[in-house]
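Copied from Swiss-Prot, the annotated features are:
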BINDING   162, 164, 165, 166  ATP binding site
REGION    1-73  region 'Domain I, interacts with DnaA modulators'
REGION    73-117  region 'Domain II'
REGION    118-334  region 'Domain III, AAA+ region'
REGION    335-459  region 'Domain IV, binds dsDNA'
C-alpha cells in the first residue's frame with residue numbers, strides 16, 4: 001500500500017533535516033514540495049529555476065536515498081518549478097534514477113533518440129546576448145546554421161576563455177538538429193578527438209575512427225589550440241577536414257587564439273583554418289555585461305535590483321563565465337543566509353577581480369604551501385593524505401581564479417594532473433565555500449596574499 005504523498009514528503013523532510021545543515025535544509029529542501037508519486041517517480045516542485053538546478057546538481061541523490069529508505073524500493077526523482085500549471089508530462093531523460101536497472105524505468109516514459117552529441121540544452125541562439133563585442137561572430141554562426149557548407153566554411157571562432165565560443169558552436173548544432181533531425185552533428189573537444197584517435201590506434205580500429213568522423217554533416221571542434229605539438233593528431237584532423245570540406249559539410253572550429261598564433265600548427269592546417277571566416281569575440285562592454293546578467297536572472301526567475309546588476313557588471317569584466325559565476329555566488333549566498341539582495345549584502349562573497357593583478361603560478365603555489373604547512377613538491381605530488389589533497393584542491397581553485405591558464409595548464413602546474421582533476425577540485429571548492437563562511441574567509445585571505453605578492457612583484 002502506497003503512503004499518501006503528504007505523509008511521504010513529511011517523512012523525507014524529517015530525515016533530511018537531521019542529515020543536512022540548517023541553512024541548507026531551510027533554503028533548498030524546506031521550500032520544495034512533493035507534487036505526486038506516479039509510475040514510480042516522485043515529482044518535486046521548487047519555487048524557482050535556480051532552486052531546481054541547485055537541488056538537481058547537489059541534493060537529488062540525498063533525496064532519492066531518503067525516499068528509497070521510506071518506501072523500500074528505488075524511485076525516480078523529477079524536479080520541476082512551481083508556475084501554477086500542472087505537470088502533465090515528463091520524459092525519461094529529465095528523471096534521475098537511483099537504480100541503474102533499465103527494467104525499473106516506467107514504460108510510459110518515452111525514449112529519445114538524440115542525433116547530437118554532448119550539446120548543452122542552454123546553449124541556443126535565443127539565450128545568447130548580442131553586443132558590439134560578438135556581433136559578427138553571432139551573425140556568422142547564425143548564417144552557418146541556416147545554410148551550412150556554403151559561405152563560411154570553415155567558421156573559425158576566436159576569443160578568450162568564457163566569451164561565448166562554445167555557446168555559439170553548440171547553438172549551431174541545436175539549430176541544425178531542429179531543422180534536420182536526421183543530420184549527424186558532432187560536437188567534440190580537441191582533447192576528445194585526440195583520445196578517440198589514441199583508442200583507435202590501440203585497438204587497431206583506425207578505419208572505424210575515420211568513418212565515424214568523416215560521416216558528420218556538421219563537425220564542431222572546440223579548443224583547437226590543443227593540437228599544439230600533436231603531430232599525428234594534426235595529420236588525421238587534416239584529412240578529416242579535407243574530406244568533409246570537399247563534400248560540402250560544415251566545419252566550425254573554436255580557439256583561444258587565431259590559427260597563425262597556435263604554436264607548431266602545421267602550415268597546411270593554418271591555411272585551411274584561414275580559408276573561411278575568422279570571427280573574433282572580444283570582452284563584453286559594460287552595457288553587454290549588464291544585459292547578460294539581466295538575461296541570466298530572467299532565465300532563472302531571479303529578481304535583481306539594477307544597482308546589484310551594475311555592481312557585478314562593473315567589477316567582473318574579464319569574461320561571461322566569470323560574470324555568471326559571480327551572480328550565482330551572490331544568489332546562493334543571499335538565499336542560504338536569508339538576506340535581501342543588496343550591494344552591501346553581496347560584497348562579502350564577491351571579491352572584485354578588477355582589484356586583483358594577474359598572479360604567477362609559482363606565487364600561488366608558494367602562498368598555498370605556506371598557509372597549509374606543506375611543500376610545493378607535496379602540492380605537485382600524488383600524495384592522498386587528507387591535508388595535502390585539501391591544500392592541492394584549494395591551490396587549483398585559486399589558480400583558476402587568479403590566472404587565465406587553461407585547465408590542462410593548471411594540471412601541469414600541479415605535477416601533470418589531468419584536467420578532470422582540476423575541474424573536480426574547482427567545482428568542489430566552489431560548492432563548499434558558498435555555504436561555509438570559514439572556508440570563504442580562508443579563500444579571501446589567501447587571495448589577498450596572492451594579490452599582495454603580485455603587486456610586490458610588479459613594483
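Yeah, the Cβs are placed from backbone N, Cα and C, and that goes for glycine too.
Feature map: Swiss-Prot annotations on the structure.
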residue: 162; record: ATP binding site; contacts (Cβ under 8 Å, 6+ apart): 318, 319, 320, 321, 322
residue: 164; record: ATP binding site; contacts (Cβ under 8 Å, 6+ apart): 128, 134, 137, 281, 320
residue: 165; record: ATP binding site; contacts (Cβ under 8 Å, 6+ apart): 137, 157, 158, 159, 222, 254, 255, 281
residue: 166; record: ATP binding site; contacts (Cβ under 8 Å, 6+ apart): 123, 222, 254
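DSSP labels the residues of the region 'Domain I, interacts with DnaA modulators' (1-73) in these numbers: 46 helix, 12 strand, 15 coil.
When pLDDT values are averaged over the region 'Domain I, interacts with DnaA modulators' (1-73), the model yields 84. Per DSSP, the secondary structure of the region 'Domain IV, binds dsDNA' (335-459) breaks down as 91 helix, 0 strand, 34 coil.
The record gives 162, 164, 165, 166 for ATP. Within 8 Å of the mean position of their Cβ atoms, the other Cβ atoms in that chain belong to 159, 161, 163, 167, 168, 254, 281, 319, 320, 321.
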